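Asks: For reference, the structure I am asking about is given below.
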């Protein structure tokens, strides 16, 4: 059990800085006396009341709306008070301080503190309370953070579906089927003297096979949801003046990186998140790769190689106007050799031939798009002009293919890497269970254990079996007041 989860808590629930409206939120059990002290009257549940907010001396701090949500019909499942005032940081700090002060003051009716133990909330603690009070499960709690952090419309919509329970419903259906299968195995173990073969009569083989098929479908949708949330990291690399910064600007649709004819203009990485069909791509422009005597440029080049080593995909940019020049091709070959050593084996390296609009007569020049051969021996290359935009759609298609994106299916929900890991664990345990069922005289105790472990992995997704350490990591990523 998480520590101090019964303390009443308070926090500013809106983002730091100035705004038209700011909210101070209080959650706890039995906060009625504090509500009356702060608002000067009892409030009707779930109705907005316009009133002045006053300090301990009766002086007005501000005027605004107060809303009272008695348990269990609130965000946290506890009594909740929200004070909506003008969004200046000083006003909100004064309101928050007044909440903490009034909680410790003696109530006139009882002579006891109005809300003893009221403290500032930790990041994510209001949502943590909602989880602990069964208002939401863990996957829905994560969806709240994903909705707040969504960088694309598709990511926001998928997070909203997860918050509504779409992902959790799929997990619960898998769990129910798994529990039924476990019941058959446990019955066979518990009543060995019975003549009924529970497993054969109930077609345990067929049930397990159907469960594995459903799991495969859920894993496919989960991979797509994780992609919408996480995106992929794409590094643009190549020699100086190949057009790396121009390509970043073209993909982003904005002048993010400085472009000049001077080699070595880019000294450090420039990063921008773009979206293609709702998939976030974290594109990084790097320093031109070459031997340099300039200390600052050398640092930038080393950082470029570090980014390449951590990339999900690398765009190796070539200058079509210099194709066929021995020195240029030799330098490209050296970069290609180091890419083969530095980039992880599973990371695709795409050859991108730039400046097709200026390469008339070049053997490699063309109309733009995806070519059929690659100068560095890889399967395909992309030919384009970052200046005119010719061929960019072909590159976008290649990037979506690398990401593993399929056209967005209806009802896709957001997901996280830990969800995929849990589902892979379920898949592994179900495969072990299937192997046991295939044996003559299966070891029922081993079969039962594999099914138990599969259910445990499913429960970890929704938080029905989750370590306190994991909960701490998840909720600490929220902002204070959420």
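Think of each number as a place in line: the chain as shown, counted from 1.
For all residues, glycine too, the Cβ spot is worked out from N, Cα and C.
Annotation source Swiss-Prot lists (6S)-5-formyl-5,6,7,8-tetrahydrofolate binding site at 25, 82, 135, 482, citing sequence analysis. Look at Swiss-Prot and you will find 241-246, 260-266, 285-288, 385-387 tagged as GTP binding site. Marked as K(+) binding site by Swiss-Prot on the basis of sequence analysis: 241, 260, 262, 265. Per Swiss-Prot, Mg(2+) binding site is recorded for 245, 266, and the stated evidence type is sequence analysis. The feature domain 'TrmE-type G' is assigned by Swiss-Prot to 231-404.
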Asks: Pop the mean pLDDT for the domain 'TrmE-type G' (231-404) in here, whole number is fine.
Replies: 80
Asks: Which chain-mates of residue 386 (GTP binding site) that are at least 6 residues away have a CB under 8 A from its CB, listed by sequence?
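Replies: Same-chain residues close to residue 386 (GTP binding site) (Cβ under 8 Å, separated by 6 or more) are 243, 246, 247, 249, 250, 354, 355, 392.
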Asks: Going by DSSP, is residue 135 ((6S)-5-formyl-5,6,7,8-tetrahydrofolate binding site) sitting in a helix, a strand, or coil?
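Replies: It is coil.
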Asks: Rounded to a whole number, how many Å is the Cα of residue 82 ((6S)-5-formyl-5,6,7,8-tetrahydrofolate binding site) away from the Cα of residue 245 (Mg(2+) binding site)?
Replies: 48
Asks: Cβ atoms within 10 Å, counted per site: which of 135, 244 has the most, among these binding-site residues?
Replies: 244
Asks: What number of additional C-beta atoms lies within 10 angstroms of the C-beta atom of residue 82 ((6S)-5-formyl-5,6,7,8-tetrahydrofolate binding site)?
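Replies: Other Cβ atoms within 10 Å of residue 82 ((6S)-5-formyl-5,6,7,8-tetrahydrofolate binding site): 19.
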Asks: Taking the Cα atoms as reference points, how far is residue 244 (GTP binding site) from residue 25 ((6S)-5-formyl-5,6,7,8-tetrahydrofolate binding site) in Å?
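Replies: So the Cα of residue 25 ((6S)-5-formyl-5,6,7,8-tetrahydrofolate binding site) lies 48 Å away from that of residue 244 (GTP binding site).
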Asks: DSSP secondary structure for residue 287 (GTP binding site), reduced to helix/strand/coil, please.
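Replies: In three-state terms, residue 287 (GTP binding site) counts as coil.
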Asks: According to DSSP, does residue 386 (GTP binding site) sit in a helix, a strand, or coil?
Replies: coil
Asks: What number of additional C-beta atoms lies within 10 angstroms of the C-beta atom of residue 245 (Mg(2+) binding site)?
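Replies: The Cβ of residue 245 (Mg(2+) binding site) has 23 Cβ neighbours within 10 Å.
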Asks: Would you mind sorting out which of 25, 135, 245 (the binding-site residues) have a C-alpha within 10 A of the one on residue 287 (GTP binding site)?
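Replies: Close binding-site residues: 245.
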